[in-house]
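Novice: There's a structure below that I have some questions on.
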Amino acid sequence: MGPPSSSGFYVSRAVALLLAGLAAALLLALAVLASLYGHCARVPPSELRDGGAPAAAPSLPGKQEPTSQPGPTPEPDVAATRSSWRPPGPWDQLRLPPWLVPLHYELELWPRLRPDDLSASALRFTGRVNITVRCTTATARLLLHSLFLDCESAEVRGPLSLDAGDATAGRVSVVEMWFAVDMQYLVLELGEALQPGSLYELQLSFSGPVSQDTREGLFLNLYTDQGERRALLASHMEPTFARNVFPCFDEPALKATFNITVIHHPRYVALSNMPKLSQSEKEDVNGSKWTVTTFHTTPHMPTYLAAFVICDYEHIGRIERGKEIRIWARKDAIADGNADFALNITGPIFSFLEDLFNISYPLPKTDIIALPTFDNRAMENWGLLIFDESLLLLQPNDKLTEKKIMISYIVSHEIGHQWFGNLVTMNWWNNIWLNEGFASYFEFGIINHFNPKLPMNEIFFSNILHGVLREDHALVSRAVSMKVESFTETNEIDELFDLITYNKGASLARMLSSFLNEKIFISALKSYLETFSYSNAEQDDLWRHFQMAIDDQSKILLPATVKSIMDSWTHQSGFPVITLNVSTGVMKQEPFYLGKVKNQTLLTHNDTWIIPILWMKNGTTQSLVWLDKSSKVFPEMQISDSDHDWVILNLNMTGYYRVNYDKLGWKKLNQQLEKDHKAIPVIHRLQLVDDAFSLSKNDYIEIETALDLTKYLAEEDEIIVWHAVLMNLVTRDLVSDGNNHDIYPLLKKYLLKRLISIWNTYSTMIRENVTALQEDYLALISLDKVFGTACLLGLEDCLQLSRELFRNWMNHPENEIPNPIKNVILCYGIALGNDKEWDFLLKIYNNNTEEEERIQLAYAMSCSKDPRILNRYMDYAITVSPFTFNETNVIEAVAASEVGRYVAKDFLINNWQAVSERYGTQSLVTLLYVIGRTISTDLQISELQQFCSNMLEEHQRLTVQAKLQTIKNENLKNKERSARIAAWLRKNT
């Protein structure tokens, strides 16, 4: 029977057999190869070497092998079809056709990992999956996802007779099996059409590679524990990597239950989403013993949450409300107590969210495992959460870092996913923000519950809001929620895991909570979670439940429906700038652009936002108002030049927008800062600095308006505000790159006079009571910039402290440099030292195995101001010891400083071929950008092009020319800005 779509490609069983016969006759010389492909038996050489792979895939424990029906089913052919010559069809679409709905997976995996053989470079696994599906549309063609897998056999059984059991089910012949590589489909061509409403079982045997270079699908970690080299296997399926491990319907709405079996070496333990059900033993063809671990059936869940780990780890555990929680890690880490903190916080977080939503965590256990390498990520797999160990384990020397609170946030985020993502899943990836945005938002509610003294508004600004407001803008960015039709390739799904999804999503959830209230917000979410448990939801489903909560009360009145309000934020890119004229009370909105365009008619961003305006006047919170059109008059916001009133919009920075004022509005705020800055809350002092400098940089206000806000800083004792000022004012293009020699002494005189008070507070703490910093999160994230600026501006006490701490560490290595200022002390210890200090750091580097610390040390060694030492460093990295410094491009690190830029350029003249071999040709391109970062004339571009003419290919030279032209234009713009800053500093110093 033909396919459901007339545009499809179909070959009948008879024609297929005829073509196969002709091919066999014509290609007799290749009979062996044809036989291998015809029978789909792709057993790689590595399987034959390790003796673990029988010719047929292992059977599923407890599952009866299907009995043959009269008339043998021919083995299907396998081919990989590429876009250059395949016919058009459903395999050209990113989304699966809706012909089949998966109900249940019986999945068995058998990786051939052995603890006594970690040298295998091509580790593989075999597997079998039986998928029970419901047919919704008559079809003789099946599509499911498969990537990098060799499918060795495929059968279709059914229609299944539930009353009589599977044993009586018939078979549907598989005539042909082929891969549509571009969209990552395995296509089964059947001898007859499946019947709508009937159940079938797809039985597939397969094998595939274990990834060693990426953390996608089933991957390998090699590590050292208890002095021995060891290995583990783990999985990462989100968003589209389940198809790398087993053929499946790899879309988030296609939820099913899973019975998972893992076959592994007896010295390893196997973990999965559910608790262990049973364990048995089996032998391979060589007589080697393997352990078969079978797990309980999972709840309905998408493929991206399926998880497996095979490891030789220890664990610690506790019981929380009758459910087991275990933290797994390297044996050394468990013995040292590094997992204790994570265990102590995990249970209470689960309990808090259960109580908050009144929905119990549905699984009987939770395993959390710390991998040696997981690319600084964490994954919320139901029942088996996987973390990079740097994000989960707290070591004794982490007390003076932000690590403790960071671990709390990340654990909270992943546990939040057990409700937002696992229990209720977005319908497709275009609304991934429903998972990530709400999990990110609830990080802060959880941490605030357990640490009520933490300044949550300031932390949300620093961790979430600040970063995304710098990246999001109207023309280049994307919307939070996108149309499904806008996606055409699988890799576009990966790109959704960005600041827009996480940070903007969290910010919009926070804004929604702020203009409702916490009670209504949580009530709506409870209803949403209860309604869509074990199912999927669209963004509109969420808005509908918020609207229901609004309609059930009368206190909160909105200017439009929740959907209308929130769609204005989620369906368009960027965010608005609100400008208030305090003289007239007129407020207007416009999209924020990187560099305000004078002729707005050139722009295509015509939509407006429905904007909640929470605000304060003279420090007193005012009633919520709405800006639901391009401009509106608010008489209550008017003030005059003669009074002492002031107005701040965006209370606690809960709105996702920037705020601008007319000249009088800025003047009144500046006067209040100089008169009594404490009357303006810390979060709003942060806001004023961040908004003003961003708006000035992008031509919404004059730079002088932003600079005026810094006059009061001698009285500012909040280090997070200082951090915001210095991040905006002490930038490399202003003070470090040599183009602005006139600014440095002016900025030094202006800032040091104001910085001395905050410096004295924290330098005294460093010298006398450094442990007092442990609970000061804002100080821990701000000290590096404050101390770095003090040393950069030549504050003698900062330079002296750097010498003291570095030399004390050299002479007594047990006296470690306080982590919050370690980058600064290492850099200035080298800059102020000589060969002795540099050689000491090189020795520390060579004896260190922690990648993060090695990177820190490598960059510190580039801080020397001695050209001889810098040349020695580059020569050492390129020729003397080319297998070290794999984490860092040493030439780039050297070129980043003002002195190093010239030294690196001279070094390249004689060593560019060696540099290219060491770091790759593309590194030369990047180096030229670093070296040329200060150019401002066409002559300088020509000189640099001549310098690199022999190093690069033609296409690279063209790329470099275009990039250098962009750098020149940016520098010319910055030069004008720098001149204005210098003039203001002369006037105010």
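Our numbering is plain: 1 for the first residue shown, then up by one each step along the chain.
From the backbone N, Cα and C atoms, a Cβ is placed for every residue, glycine too.
Straight out of TrEMBL:
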- H413, H417, E436: Zn(2+) binding site (BINDING)
- E414: active site, proton acceptor (ACT_SITE)
- Y502: site 'Transition state stabilizer' (SITE)
Novice: Round to a whole number and give the Cα-to-Cα distance in Å for the pair Y502 (site 'Transition state stabilizer') and E436 (Zn(2+) binding site).
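Specialist: So the Cα of E436 (Zn(2+) binding site) lies 5 Å away from that of Y502 (site 'Transition state stabilizer').
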Novice: What same-chain residues, at least 6 away in sequence, bring their CB to under 8 Å of the CB of E436 (Zn(2+) binding site)?
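Specialist: Sequence-distant Cβ neighbours: G421, F497, T501, Y502, G505.
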Novice: Please list, in sequence order, the residues in the chain of the residue listed as 'active site, proton acceptor' that are at least six apart in sequence and whose C-beta is under 8 Å away from its C-beta.
Specialist: A378, M379, E380, L385, F387, A439
Novice: Write out, in the order they occur in the sequence, the residues of the chain not among H413, H417, E436 that have a C-beta within 8 Å of the mean position of the C-beta atoms of the recorded Zn(2+) site.
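Specialist: Leaving out the recorded residues gives E380, E414, G416, F420, G421, N435, F438, A439, S440, E443, Y502.
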Novice: Cβ-Cβ under 8 Å from H417 (Zn(2+) binding site), same chain, 6 or more residues apart: which ones?
Specialist: E380, N435, A439
Novice: With every protein chain in view, what's the tally of Cβ atoms within 10 Å of the Cβ of H413 (Zn(2+) binding site), excluding that atom itself?
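Specialist: Within a 10 Å radius of the Cβ of H413 (Zn(2+) binding site) lie 22 other Cβ atoms.
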